[in-house]
Amino acid sequence: MKHLLATDGLDPALATAVLDTAEELKHTLLGREVRKLPTLRGRTVITLFYENSTRTRVSFEIAGKWMSADVINVSASSSSVNKGESLRDTALTLAAAGADCVIIRHPASGAAQRLSGWLAEAGTAVVNAGDGTHEHPTQALLDAATLRERLGSFEGRRIGIVGDVLHSRVARSNIHLLSALGAEVVLVAPPTLLPAGVESLPVTVSHELDAELPALDAVMMLRVQAERMHGGFFPSAREYSIAYGLNERRMKLLPEHAVVLHPGPMLRGMEIASAVADSPASAITEQVRNGVHVRMAVLYHLLASEGAAA
Ligand code: NCD
């Protein structure tokens, strides 16, 4: 693997190999007092974030550190980006300074792809940590790792993705990955929060959450991305919550074995009730935990495995 830019077009065998590596790493580190492997000693990993983040940035940093890489965090707000430097010049600067891998989050869809073009000559690997409303592949991989752990397999499983699909790169990455791994994806959202061209995606679409819940093996709740909304996408937060929020009554409609996911950050009381987020069905904390192992696995496949840079 040379870069990880999207799950659209990602070979399911490679995705499965990443999930297997993550699982192995998780078991290797489990219960260890010193969580450090020498695998990426001498390699330099830079996170370059132009958008806010808690879990993604932190888990990439921990992943790099647990593998002994030197990890440097650059946030746009405190870098020369604030002096007007272009993304291309910033990227070339990081490569010239010695980055083996740049992990980028950017508000523009396609930014990670552009970066990979600019850094091709330098041989620097690029990981997309979220580009606009386009993709967030490591989130989908950690969601898949969590689902595989809880459900065993993807074949024949029905996964609901609920809420603001339109603005969600998490949804887009999950649609491609989960369907490629053999699951059936159902999008549940108001018509105003579905993307144009949804018919061409490998999904079924519903506007009725109550009708879908009894047949779902997992339900992934999405945050309503107010920062990307310009205009009225739904009448009010209260009405959205009544129609699409996962509350305690609705949770009872799910099968006993069903898993509840949320990529975070959660808006408790809006798309998910506290009692649901903190229930045994919820795998939200597990998602974060798996995020570290999955990102370790991604760095391994990019920088250390035999197939790296292939
Ligand atoms: C998501 C993101 O930034 O795309 N968060 C994350 O990475 N866990 C989802 C969101 O912001 O709602």
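Residue 1 is the first one shown; counting continues down the chain.
Glycine is treated like the rest: Cβ placed from N, Cα and C.
In the three-state DSSP reading, Pro265 (carbamoyl phosphate binding site) counts as coil. Sequence annotations record features per position, and here TrEMBL assigns carbamoyl phosphate binding site to Arg55, Thr56, Arg105, His136, Gln139, Gly264, Pro265.
The L-aspartate binding site annotation in TrEMBL covers Lys83, Arg169, Arg223. Lys83 (L-aspartate binding site) falls within a helical segment according to DSSP. Lys83 (L-aspartate binding site): 6 other CB atoms within 10 A of its CB, across all protein chains.
Residues annotated as domain 'Aspartate/ornithine carbamoyltransferase carbamoyl-P binding' in TrEMBL: 2-149.
Broken down by DSSP into helix, strand and coil, the domain 'Aspartate/ornithine carbamoyltransferase Asp/Orn-binding' (156-302) contains 63 helix, 25 strand, 59 coil. If you look up TrEMBL, you'll see 156-302 marked as domain 'Aspartate/ornithine carbamoyltransferase Asp/Orn-binding'.
A simple way to gauge crowding: the CB of Thr56 (carbamoyl phosphate binding site) has 25 other CB atoms within 10 angstroms, across all the protein chains here.
Checking the binding-site residues Lys83, Arg105, His136 against ligand 1, the ones with a C-beta less than 6 Å from an atom of that molecule are His136. Taking H, G and I as helix, E and B as strand and the rest as coil, DSSP gives the domain 'Aspartate/ornithine carbamoyltransferase carbamoyl-P binding' (2-149) the counts 68 helix, 27 strand, 53 coil. It is Pro265, among the binding-site residues Gly264, Pro265, whose Cβ has the fewest other Cβ atoms within 10 Å in the structure shown.
Listed binding-site residues: His136, Arg223. The one with the lowest count of other Cβ atoms within 10 Å of its Cβ is Arg223. Listed in sequence order, the binding-site residues near Gln139 (carbamoyl phosphate binding site) (C-alpha within 10 Å of its C-alpha) are Arg169, out of Lys83, Arg169, Arg223. Cβ neighbour count for Arg105 (carbamoyl phosphate binding site): 26 (other Cβ atoms within 10 Å of its Cβ, all protein chains included).
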